[in-house]
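Have a look at the structure below, then the notes.
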Amino acid sequence: MKILVSNDDGIFAEGIRSLANGLAAVGHEVFVVCPDKERSATGHGLTLHQPIRAEIVKSIFDDRITAWACSGTPADCVKLALFSLLETQPDLVLAGINHGPNLGTDIFYSGTVSAAMEGIVENIPSIAFSLGSYTSREFEVAVNFAQSLVQKIESQPLDNLMLLNVNIPAVKETEIAGVKITRQGVCRYIDIFKKRVDPRGKTYYWLAGELLEETEETKDQAIPDKYNTDVEAMREKYITITPLQYNLTYGRQLTYLQKWKIDNFSYN
């Protein structure tokens, strides 16, 4: 398969090197377009008010891989690859392997998930891979699973356009509890901002915060609760696969809102 790989940790991150090299090793045609520096938590931002530069990078990846380092965001990287750098469209867009999990509502901030989301915006099935640790450099389990999942999709293509958000526990292979199909959970934080004072007496804020245990979800969910959330399944050391889509319409509430009789609203 022809595969485009990106990330938000940057061109020098071990996660993307492990993923790209692992896929090339089993015969896939791999292209890498990723940020030239750390771009974590940039969400789906695009660069609009300055030029985007992309340079071919050698010696970082397997010789079979063509790679570019891009000055833009993760979403920029995928968009630039699809419309300017690659001669033909890839079969899959992959993002990762991220250094740290992307679970629950944190996915809205994730540059990794957003890079993969840009793939399905352009009608290409996508996968985001994340390792459940910010410090671990053991990517072998994650790479092995990525190889297996890509092989599965190659032999049995997804029946609908979707993004698979995959999180792998940062534990030994023997400690993995299994693989679960999950729904998106909820992550909440306390003490989100630290208020500090600089040497000149000016107040500034540093985004910090402590993750709470998974909190209660919004009621009246359309998704069956027989599926574990990604947050709880990862806590139990399962590899999680959560299908995502870019359409955020709350479908079940369309009929309810129609009862508002909005024709009677004033707008002048």
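Going from the start of the chain as shown, residues are counted 1 onward.
Quick reminder: no glycine exception, Cβ is built from N, Cα and C everywhere.
Marked as divalent metal cation binding site by Swiss-Prot on the basis of sequence analysis: Asp8, Asp9, Ser40, Asn98. Under DSSP, Asp8 (divalent metal cation binding site) is assigned to coil, being neither helix nor strand in the three-state scheme. In sequence order, Cys34, Pro35, Glu38, Arg39, Ser40, Ala41, Thr42, Pro74, Ala95, Asn98, Ser110, Gly111, Thr112, Ser114, Ala115 constitute the residues six or more apart from Asp8 (divalent metal cation binding site) in its chain with CB-CB distances below 8 Å.
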Beyond the site residues Asp8, Asp9, Ser40, Asn98: chain residues whose C-beta lies within 8 Å of the centroid, for divalent metal cation: Asn7, Gly10, Ala13, Gly15, Glu38, Arg39, Ala41, Pro74, Gly96, His99, Gly100, Ser110, Gly111, Thr112
